[in-house]
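These notes are about the structure you will find just below.
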């Protein structure tokens, strides 16, 4: 029996910066859709998902946008898929649509419900980290670093980092994002209340990584291990700093989102590129906007190297 395919679900990557990073193909798809959702669980745009942020998206796209929070994405997504059986629906994702397993599950469920899916790709953290000069094919398995609590301190990422390091490979560490997380107390009472949004900093991630190393003691890494810290990658005020774990702990990386790369064995060309981002030994405590200005290309000095080097 021939399957009947209804209308289209567009899963559209938005890139990493702001509303202008959508591709022309993605923008064309958005403009022809009757409903537009934006996923606000696995990531967020550099300018946030405030009312102002969404208004900026709506102004460019010419459409009202519905915020799809974690509860909707994980528990009520079938409602979106049912809408896509009768009209074109856009599901906007920060970065690339397949940067999170949640969206692979969405495609599977759509196919099961005979909803046709078209994916529009975009830049993601997985390739944008190439700006620091570490070659993408020299990375091992990516790991996620979750927030520790008093009673929950998971460390399954340690073995993956150790394996990568033994192979001489770099490790991308994605740092925890907690948006609309129900409080334990509210779950016990059966009435959901949510924690304030939290975004892990590079400093917190390094503290947790060193705690886990102390626990296992296998010397997978230590305070002198070279790393690269990224903040607001892909945005106008992105910040990229290379140094040891100890050095990066002295840097104020500012607003989210942050991620961290633990450097493996490097090629001379990689070393040469990393030099542009290293903390200077003369001023290892240089912080925040001062660090950003140090690396930023200015119109007065277009030869200056740094964050704009790509």
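Each residue, glycine too, has its Cβ placed from N, Cα and C.
The Cβ of residue 258 (S-adenosyl-L-methionine binding site) lies under 8 Å from the Cβ of 175, 199, 200, 201, 202, 205, 229, 230, 231, each of which sits 6+ residues away along the same chain. Among the features that TrEMBL reports, S-adenosyl-L-methionine binding site is placed at 16, 96, 99, 124, 125, 175, 233, 258.
The average pLDDT computed for the domain 'Tetrapyrrole methylase' (8-248) is 88. Annotated domain 'Tetrapyrrole methylase' per TrEMBL: 8-248, in sequence order.
Annotation: 16 carries the greatest number of neighbouring Cβ atoms among the binding-site residues 16, 125, 175 [cut-off 10 Å, Cβ to Cβ]. Within its own chain, residue 124 (S-adenosyl-L-methionine binding site) has 13, 16, 95, 96, 99 as residues 6 or more apart in sequence whose C-beta sits under 8 angstroms from its own. Each of the binding-site residues 96, 99 was ranked by the number of other C-beta atoms within 10 Å, and first place falls to 96.
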